[in-house]
């Protein structure tokens, strides 16, 4: 496909609106799964660690499968993937209402819903980037708030639906709401100007089918010719039955009567097509090797290596509060009369505020985005250490707001990645980092749940979470503290695709 220049407006704003609602509808329930988590604990009677796997899979599997999601969107387009994923999310939620045990939920809610969310996230980001260039940051910022608003609303909505219709009815209604993703996906019109095939495909289409004769083991041209002759004769034998012998003799005589020029032309075509296939396979293999070489080069960058450790530890320690905070409040014996708003809703609305404010701060030239990101990590670690000391709804609500605001550092993470590896390697590096973020999302809540099953209290679990986040923040800070000006002078000794993060006031 040939894409025309991004319009930075027009139908692009429709894309922003439908992408916002798509993320709202698909991520609302998985991000607010803490409300369902309490019901699943009571319904199935499993341990907290085992039950926490449901929500962690739903939020982590999409990031873990991000390379597959990217391939699907690239191959089929954003609109078909969005419509198909809408069926996945809605179907997974509705199937979860009939779950007989926790293991069924691992598949229906954890894998099916999680993979559908990952596909929808990739589709919305891809189609938005196609429609926007100069205003791309604004557009991506607007659609990213859809998940946070979904967390805020779905936390209260699911709680109310459970009281009215029970857990099964809640999941059925939420699944039915997710079917609106189909309407949103149908409006994701691809930005295309023509459907002209690429040059390689045009070349292949011009070659007649009879010249596509080549063997896996690189047979000679003469052998390919004999294969063609044999196939032609066998086909006639099947069709004519008893007259096969006579037709075979006539066919051999006809083939032998081909003039020399036509035979030479045919040989040239066979050789050209064989070489074309060889070159295509060689090119694919070279791309595969180049990908892994570039990956190894990225890890030679100290800041990138520290960033990958920091994002993994941050998601192991920083993600569990959004899933377990409701259970923390119940474990602290907080009265229902003091429960003015779900803690998860507070996290959701403050995450939206954090994304906007931190994103605005990152645009100022005097703000170092790496130091800003490190600051959010260190403050998150301190807030996690404070959770065991919170014994009232007010203190838990304040800590939930702080953690939600700091979780908004996702909006500046692409800035940090760009400054670390350069714009040329952003896609490659960001995909790797998102994979490890998904790994952290998947492991964090079960680890915290296992700590509770082991100690029968959350104090040790959140001390562990705070330690993980602080460790990641300090490692990233140590990687950024050395005088990178000196490192810049030695940058010529680094591989050509490696970028150093220059810590300066105008970074």
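Going from the start of the chain as shown, residues are counted 1 onward.
Cβ coordinates are placed from backbone N, Cα and C, and glycine is handled just like the others.
Feature annotations, reproduced from TrEMBL:
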{"type": "TRANSMEM", "residues": "12-40", "note": "transmembrane segment"}
{"type": "TRANSMEM", "residues": "52-73", "note": "transmembrane segment"}
{"type": "TRANSMEM", "residues": "80-98", "note": "transmembrane segment"}
{"type": "TRANSMEM", "residues": "104-125", "note": "transmembrane segment"}
{"type": "TRANSMEM", "residues": "137-157", "note": "transmembrane segment"}
{"type": "TRANSMEM", "residues": "169-188", "note": "transmembrane segment"}
{"type": "TRANSMEM", "residues": "303-319", "note": "transmembrane segment"}
{"type": "TRANSMEM", "residues": "339-358", "note": "transmembrane segment"}
{"type": "TRANSMEM", "residues": "370-390", "note": "transmembrane segment"}
{"type": "TRANSMEM", "residues": "396-417", "note": "transmembrane segment"}
{"type": "TRANSMEM", "residues": "429-452", "note": "transmembrane segment"}
{"type": "TRANSMEM", "residues": "464-484", "note": "transmembrane segment"}
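The list of residues near the transmembrane segment (169-188) in space but at least 6 beyond its ends in sequence, with Cβ under 8 angstroms from a Cβ of it, reads 14-15, 18-19, 21-22, 25-26, 28-29, 36, 78-79, 82-83, 85-87, 89-94, 96-97, 120, 123, 127, 154, 157-158, 161-162.
Taking every listed stretch (137-157, 429-452, 464-484) in turn, the largest tally of C-beta pairs under 8 A with the transmembrane segment (339-358) is reached by 137-157.
For the transmembrane segment (464-484), the most Cβ-contacting stretch among 12-40, 303-319, 370-390, 396-417, 429-452 is 303-319 (pairs under 8 Å). Panel annotation: around the transmembrane segment (303-319), residues 56, 59, 370, 377, 380-381, 384, 403, 406-407, 413, 416-417, 420-421, 429, 432-433, 436-441, 443-445, 447, 464-469, 471-473, 475-476, 478-480, 500-501 of the same chain, lying at least six beyond its termini, place a Cβ under 8 Å from a Cβ of the stretch.
If one looks beyond the transmembrane segment (370-390) by at least 6 residues along the same chain, the residues whose Cβ comes under 8 Å of a Cβ in the stretch are 303, 310, 314, 317-318, 321, 328, 332, 358, 361-362, 396, 399, 402-403, 406-407, 409, 412-413, 416, 419-420, 458-459, 462-463, 465-470, 472-474, 476-477, 480, 501, 503, 507. Of the two recorded stretches, the transmembrane segment (137-157) lies close to the transmembrane segment (12-40), with three or more CB pairs under 8 Å once pairs fewer than 6 apart in sequence are set aside. For the transmembrane segment (12-40), the partner stretch with the most Cβ pairs below 8 Å, chosen from 52-73, 104-125, 429-452, is 104-125. Spatially, the transmembrane segment (104-125) is not adjacent to the transmembrane segment (396-417); fewer than three Cβ-Cβ distances between them are under 8 Å for residues at least 6 apart in sequence.
Beyond its flanks by at least six residues, the transmembrane segment (396-417) meets 141, 144, 148, 307, 311, 318, 321-322, 325, 328-329, 332, 334, 341, 343-344, 346-359, 361-362, 369-370, 372-373, 376-377, 379-380, 383-384, 386-387, 390, 426, 429-430, 433 of its own chain at Cβ-Cβ distances under 8 Å.
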